[in-house]
Amino acid sequence: MISSLHRPTVATVDLQAIRDNIKAVQEHISSTTKTFAVVKANAYGHGAIQVAKAVDEEVDAFCVSNLDEALELRQAGIEKDILILGVILANEIPLAIEHSITITVASNEWLESAKACQKDLAQLHVHVKVDSGMGRIGVRSLEEANQLIAGLTKSGAHVDGIFTHFATADEENTDKFHQQLAFFTDLVNALAIKPELVHASNSATSLWHSDTIFNAVRLGIVIYGLNPSGKTLNLPYPLKPALSLSSRLVHIKKIKAGNTVGYGATYTAKTEEYVGTLPIGYADGWTRDMQGYSVIIDGHLCEIIGRVSMDQLTVRLPKAFDIGQEVTLIGQEGHQMISATDIAEKRGTINYEVLCLLSDRIPRHYIN
């Protein structure tokens, strides 16, 4: 998709904020801990290539979701280790080997299919995934893990790491977290062959359970300056949100009492009022459920009225602003602030989704 470079809606990404957030976490964990920066899903909407280049000196490796995301980084000149967190198809192994990309292996069945496609796994680097209770992918017993590591080693693959993922590290109730931690710890301690890298800590674990870190962490939402728990748990130290979203008024009019606005005529003016139009809509990731929420204009919270359209939305104005007046959708203006977490609360979702849904139509502008 082509970014709309000639439309005044833009996401500004502060790369120094991302670097500062990484350093903030690193200051609170052991200096010997390896840091993996998670840049999957286009770096949570921030731009994978630009973020990876900006933090290359601060981290030891990168995590992505799939082979295409890994290849994108390699083609952009990223040389550090890249771990694919998802499972790739066995016929994609040659590409992973060619580009020195580490893959996740999650089952003995996958290994059998891999050996059927690729007899020699001598140049393949892998991490073994353990399902300690997340319920998605991974081996679920010590027997499976030992069998898989032995089979991979016998086939010539380099088993560089073993890892798991916690389902509830960002919640107040820690029972499930400690169940998963105990399962994974016991399994790792009992392995016949123990890989060098052992990691279980995502952003939430690194923040609130730093005493449970093994020897590597996978930092995702935290490096972009957001709280993984939303508003459930307080951050143990400050983070800097890296992304702001702004637009400009492109049309302003005065409407009379009784006039309607938008699809379905869902908004009817009760009095004479000013209405402004912004060039952003649900095709940009500003979803229809944002009707009734606010944006910031000149320090004023201005309500979104009428339904959000594909490419435009309308807001009620306190006065007749000039065409081109800047509008803040995510970020701070004066004493007013709207965060991705605030928007997530309005939508009944999580801040991750708010950022990931910002489409490629919105150009990213990088500072610092």
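Note that the numbers count up from 1, one per residue, in the order the chain is shown.
Just so it is clear, glycine is given a Cβ too, placed from its N, Cα and C backbone atoms.
Here Swiss-Prot flags LYS40, TYR263 as active site, proton acceptor, drawing on sequence analysis. Positions annotated as substrate binding site by Swiss-Prot, on the basis of sequence analysis: ARG136, MET310. Annotation comment: Swiss-Prot describes LYS40 as N6-(pyridoxal phosphate)lysine, evidence class sequence analysis.
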Original post:
C-alpha of MET310 (substrate binding site) to C-alpha of TYR263 (active site, proton acceptor): distance in Å?
Top reply: 11
**OP:** Measure from the Cβ of TYR263 (active site, proton acceptor) and count the other Cβ atoms within 10 Å, all protein chains considered.
**Re:** 11
Original post:
Among all the protein chains here, how many other CB atoms are within 10 A of the CB of LYS40 (active site, proton acceptor)?
Top reply: 19
Original post:
How many whole Å apart are the CA atoms of TYR263 (active site, proton acceptor) and LYS40 (active site, proton acceptor)?
Top reply: 35
Original post:
Can you tell me how far the Cα of ARG136 (substrate binding site) sits from the Cα of LYS40 (active site, proton acceptor), in Å?
Top reply: 17
Subject >> Neighbouring C-beta atoms (10 Å sphere around the C-beta of ARG136 (substrate binding site)) >> reply: 11
